[in-house]
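Feature list (source: TrEMBL):
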BINDING   A:ARG98, A:ASN152  substrate binding site
SITE      A:GLU114  site 'Increases basicity of active site Tyr'
BINDING   A:CYS173, A:HIS203  Mn(2+) binding site
DOMAIN    A:198-407  domain 'Glycosyl hydrolase family 4 C-terminal'
There are 4 protein chains.
Amino acid sequence: MATNQGLKIAVIGGGSSYTPELVEGFILHYKELPVRELWLVDIEPGLRKLNIVGNLAKRMVEKSGLPIEVHLTTDRRKAIEGADFVSTQMRVGMLDARARDESIPLKYGVIGQETTGPGGMMKALRTIPVILDVCRDIEELAPNAWLLNFTNPAGMVTEAVLKYSKVKSIGLCNAPIGLIKQVSAKYNVAADRVYAEFVGLNHLHWITRIDVEGEDKLDDMLTDGYSAKNVPAREWNPEFIQSLRAVPSYYLKYFYMTDAMLEEQMESFKQGINRAEVVKRVEEELFELYANLELSEKPKQLEQRGGAFYSEAAVNLMRSLHNGSNDIQTLNVANRGILNFLPDDASIEVNCVVTKNGPLPLPLTKIPPMAKGLIHAVKTYEQLAIDAAVTGDRALALQAMVHHPLVPSVDVAVRMLDEMLEANKEFLPNFFTK
Amino acid sequence: MATNQGLKIAVIGGGSSYTPELVEGFILHYKELPVRELWLVDIEPGLRKLNIVGNLAKRMVEKSGLPIEVHLTTDRRKAIEGADFVSTQMRVGMLDARARDESIPLKYGVIGQETTGPGGMMKALRTIPVILDVCRDIEELAPNAWLLNFTNPAGMVTEAVLKYSKVKSIGLCNAPIGLIKQVSAKYNVAADRVYAEFVGLNHLHWITRIDVEGEDKLDDMLTDGYSAKNVPAREWNPEFIQSLRAVPSYYLKYFYMTDAMLEEQMESFKQGINRAEVVKRVEEELFELYANLELSEKPKQLEQRGGAFYSEAAVNLMRSLHNGSNDIQTLNVANRGILNFLPDDASIEVNCVVTKNGPLPLPLTKIPPMAKGLIHAVKTYEQLAIDAAVTGDRALALQAMVHHPLVPSVDVAVRMLDEMLEANKEFLPNFFTK
Amino acid sequence: MATNQGLKIAVIGGGSSYTPELVEGFILHYKELPVRELWLVDIEPGLRKLNIVGNLAKRMVEKSGLPIEVHLTTDRRKAIEGADFVSTQMRVGMLDARARDESIPLKYGVIGQETTGPGGMMKALRTIPVILDVCRDIEELAPNAWLLNFTNPAGMVTEAVLKYSKVKSIGLCNAPIGLIKQVSAKYNVAADRVYAEFVGLNHLHWITRIDVEGEDKLDDMLTDGYSAKNVPAREWNPEFIQSLRAVPSYYLKYFYMTDAMLEEQMESFKQGINRAEVVKRVEEELFELYANLELSEKPKQLEQRGGAFYSEAAVNLMRSLHNGSNDIQTLNVANRGILNFLPDDASIEVNCVVTKNGPLPLPLTKIPPMAKGLIHAVKTYEQLAIDAAVTGDRALALQAMVHHPLVPSVDVAVRMLDEMLEANKEFLPNFFTK
Amino acid sequence: MATNQGLKIAVIGGGSSYTPELVEGFILHYKELPVRELWLVDIEPGLRKLNIVGNLAKRMVEKSGLPIEVHLTTDRRKAIEGADFVSTQMRVGMLDARARDESIPLKYGVIGQETTGPGGMMKALRTIPVILDVCRDIEELAPNAWLLNFTNPAGMVTEAVLKYSKVKSIGLCNAPIGLIKQVSAKYNVAADRVYAEFVGLNHLHWITRIDVEGEDKLDDMLTDGYSAKNVPAREWNPEFIQSLRAVPSYYLKYFYMTDAMLEEQMESFKQGINRAEVVKRVEEELFELYANLELSEKPKQLEQRGGAFYSEAAVNLMRSLHNGSNDIQTLNVANRGILNFLPDDASIEVNCVVTKNGPLPLPLTKIPPMAKGLIHAVKTYEQLAIDAAVTGDRALALQAMVHHPLVPSVDVAVRMLDEMLEANKEFLPNFFTK
């Protein structure tokens, strides 16, 4: 380990457009998180992007005057060896795969979404074996490292690592930190004066308590509502939201407003609009900016990209683990009895105290009874899909898809699964080479 | 109690067309279940039917030569006083309400069904307060009586009694005994040589073990399939059913084949076919038969009515409770840890040993992981709907409807609930008189 | 398997003085339990006894005229091969080891008992590895066989098999059947009209419900008390027993009357009386009788031996497993949630329905709150002792002994353990050859 | 509430010798815990002490120049009205009762101790009804107040409040903070760089993790041992302590070294030494010092009194609750699933994050399997004793005493209970006036 002379950090998928934000975080918080070596790793096809973003990273560090070494490589094992933290932000199959995840389900009258429903399932099938492969390297080369997983579907990926490897792993999402920032802006207080209790799974949570400076503001939030950028804004029915007594995460719109969300997706699809395509364009523009040799800081435009705060969340978590600061963060970790109807090794999204030895989940003070069924139904699908990803067992994949609450029947599942597996053939060796 | 000189039995809803089957059962099993007084109770509007079926019952008993007294009355308290067993087989709002339960949801593109989905929920809202009223009488007038509940939705009604009264109650369905009879016919063995393990809720169970004379026949059943009369026959996808490793109850078709079942219901609806209407006609024909003074036995035609074996199930259960025969029956009882993800007071459908002190649920030897999510989702809806029925709280009713897996959105739920509550106004005093 | 032409039964420790009772049971119940081959196995040093008792068995069978073959052998593998049932009734170290188990603790002021306390722990350390060795043979040579374990400490031995082998195993004790027989005699009713609910562990149970022909007789039993032959009779304090609301098993006297029981043991010890010695003499007298070639039935004197009903319990269990009779028996099986504060794989003593596929434990209707702590304390010791037996880890053995509720201190445990391990050296290869 | 203009604090048992420490804490931490009114309450017989210590408190505040009002009163309701925090540090029956708690058991050969065993049980029986009486006042006059309970047996008293009142209550002990201070001194680091994980109950805990600046020092502590002032120092057997893999709390010596501890108590008793008497003398000396009008600070001698750090613990807790500082403290709170074998409403001693809304217990990362039985056995006794205290039911008191692991038999329990109840007659109205 590099701990004595400063930390070693490996970023798998380092060619991502998010990387400058991460680098900015390392620079800003160098004092509490003394990074000595930053290894940005990517695969061959991503080498162009890695070089562009990596060179921007080098310019940023140089400008800061800090003794951080930035390494660009396609040699994952070299990057991982002796690392203190490994973070992943990968997209197996890249944006083309995402475009398919989002469009094929629409043909069957089913929500097409990147991280939930059949689209999210395909992303899980493609991603989990790759992440577990990374874990094999970590187990061998950096057994004490923390794996910070940003790769979606982050809850399922984290659960796969918990079940199928010995790596110490934590899943991260930007939604919780985003909510805190919204509340802190709304009430004009510092973020650490906001306490929000999250209940549920990654991309399937309810917020049941929002205290601002110790005062309960839940009713306020249920009345005024809140909005988020990367999901179409929609108003909740007031009678419904008041009696729910919880703020639903914006991904819950796919479950609570399935018909309207589907109609909207269909409309966009007919008009040839496609979120994957939009993101593709935004990314291209970002990389044009990054390539500018004059640039030596994170460009403002990056903030308009959906995943704001991802890197902030990551740096916060690394700082707290490194220093044992015992502060509270919302993370994806093993359930261990918190939601008493789920198995101990299910991943859940929950407030944790981040100790030097890792996050300890805090007990929930309220669980909305309405939420239990949906949480369990989605977790059932997740467990089946994870096992399908690991084994390549088509029958398990069918069971997973049938039991996803957004899939209307066995018949649709059978046909949609066939098409989607075939479309992802290249990225599913477990399913196609055995 | 009438125990010393023979048993007293009160049948709430005694004017039902099923009653002759029950009477036949009492006659056949008189030796082990010595009924002295049989009280058939009904409400004023059902008096004509009560008289017809009651007089048939009297003729049947007379023919048997047994010392059973048959009483016909609208005085429920008199019937219940000192009873050993009270059974309920009522239909609040009668077949007209059922017709509405089945048709209104179709307007919203939602399954219209008597016991599941929005239709079943309305039935629960109408029925639960009436049953709890019966329970108040039992608590006062026959505190040691067993309440055998056949009234659908039997699982929810039983759970309501478990939660909101002190009456000793058991819920009954004919589906389990029907499955056993099918298997016993298929393999040409006595019913007591068949052991089937049921997992789940009333009208939402999976059969995970089918032993015939100690040999495992599950694979056989998964390959050959099985059929049932009161749900349209449909073939299961073989890949799906094989990897499910369980026989789904026929009500699961509403969940696993939602699209096709809905299409079929729509088609029938367009053609003016309506299951409630069909049943109405069958019932009228039955009562014409019953009114024939020459008739003094259960007519064959009754067997073609959907609910075959209901009365057999009831008589079996009374015999076992009375004699403490410790045999195994599939019943709706409090969960008490059997499905460890549900609360202890949730009603489940499960094999029980019927002791003199009541049924003891047997632990499950297998729980299909696929089933957990759907069971929990439906139970979540059931809990909310039961509380809505008891309190008349419209917001709770909305939460219940939104969280039923067959309801596609909050928006649909809000509109459909409004129409359905209004259509049932007459039978929902909790919702409309407060 | 020998099933087609009748059953094959292997009795490990077949030279036991109990064997004639078992043979009598096989003869009496031949119709429902058609034994074709009975293999009595014993080790070399027990060959003389095996021959005596085995020849008596042969004479008994001959007299019955039934086609049961009796085989006497020291070849355990041959006996086990293809068996339907294997039963064990062994005593590793024989009565001399028992004498040491009972006497050494007395030197340290601690209860000296065959199955509980330090004595029972030594018996477990000696026995568990041998039983697991038998299990290896069963796994290989008779994987479908049921292992019926009578060998004490039966609860610990059964738990060891549940945890460390794949053999289907059930532990048996004569205490429950003994209680039923006492009650049935007291009230002059058939045994199957008595229902008693047992809560706890082997040799550590409370009886919380005693129904005779469906009527609650618990108060009666708490007032009149009951007695048992193989533990010195002592009266319970009436105030204590009434508020306990349960009949304690007679082994509970070692915990509830520790001082008086210890005093009595000390007194006997001083007088040179020793239960192991008494048993030794009784056994010798029995074998003298058995050797008489005129004898071809179970001699009356056998009934005065402590373990009455053991063989009846065994034959009952085999019959029910063979026929899937679904009757209720009190057995030692895996907890699986019945006592919700113990792990699922802890062995408990509990009423079970004996199905063709094995026993299913029945949920408890009452758990005396007073009993929970002691049950958990003894189970904690048992778990530690089982792991010590399997690993030969002396530190684990110390933890086990320290945490037994009858052991007063670490200091006593350290010294007593040293002496007892040394005294059992010959029978503890796990502890002494590594 | 007095929150706007500063906090109101009521100290029940304010005449205690500990009070100066508490006052010192309020002065030192005034900035984060702005106390405006400090009400010291005591009963009539304690008025002399209240005046002495209260006047010292006034002199201390005056010297500090802070605007804290000190009120001395015997009117408990006036003190509680509108309080933000209520703390209790009472001794029902005073030191004479303690002397009896410690001496009577010795006559029966049983450990005589203030907070554990029969002595602790008597203290619970005397104290719980008084505390619940205080709770009635808080419920009425200060429903939002936090009750900080220092009164021993703190775990049982806290559990009684959790079960029998609506007051928000937390139990506190000085042992955890004492351990942290020892470790911090040993390694010469700040206390907040030490993280220790406590498992168990009040006065019955094991420490399973000791990290100093993130490094695991458990082995170190198991090798070097640690000592404490208010329990006779004794060495642990090294083999035992190493395989226990946890540091036992010093009260565990009464369980792990029962014989030696008892012998020592007997010896002291014979010599007329008595801890209650010693404390009495120390207290008298302290009050002599306090009465000195020159004194206006906490005298050094107070630190030699056993309960060091009590007040520090209290002030820490109030500060964190008031500011929502989310730091980790070891407290006695409701179990809520942390020790999964105990009921949710059992009090346990566990690390908590102290939020503005109260403490949230942290999940345990290790539970020593050895500890489970003893924890459950003592908790069983505690539950029975709490119910006995509330109801005055002598039979329950007997069950509690019988089931305490330090009591050797029903017979001893019966006789000892009789004598102890009689000796405490004056303070047990629940037992003697009904």
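The backbone N, Cα and C atoms fix where each Cβ goes, and this holds for glycine too.
Just so you know, TrEMBL annotations are computer predictions that nobody has curated.
Taking the features listed in TrEMBL, we show where each one sits on the structure.
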residue	record	DSSP (3 states)
A:ARG98	substrate binding site	helix
A:GLU114	site 'Increases basicity of active site Tyr'	coil
A:ASN152	substrate binding site	coil
A:CYS173	Mn(2+) binding site	coil
A:HIS203	Mn(2+) binding site	coil
Recorded positions A:GLU114, A:CYS173, A:HIS203: which have a Cα within 10 Å of A:ARG98 (substrate binding site)?
A:GLU114
Between A:CYS173, A:HIS203, which of the binding-site residues has the fewest other CB atoms within 10 angstroms in the structure shown?
A:HIS203
A:GLU114 (site 'Increases basicity of active site Tyr') CB neighbourhood, other CB atoms within 10 A:
23
Neighbouring binding-site residues, C-alpha within 10 angstroms of A:GLU114 (site 'Increases basicity of active site Tyr') - of A:ASN152, A:CYS173, A:HIS203:
A:ASN152
Chain-internal residues near A:ASN152 (substrate binding site), provided their CB is under 8 angstroms and they sit 6+ positions away:
A:GLU114, A:THR115, A:GLY120, A:LYS123, A:THR127, A:HIS203
A:ARG98 (substrate binding site) CB neighbourhood, other CB atoms within 10 A:
24
In this predicted model, what is the average pLDDT of the domain 'Glycosyl hydrolase family 4 C-terminal' (A:198-407)?
89
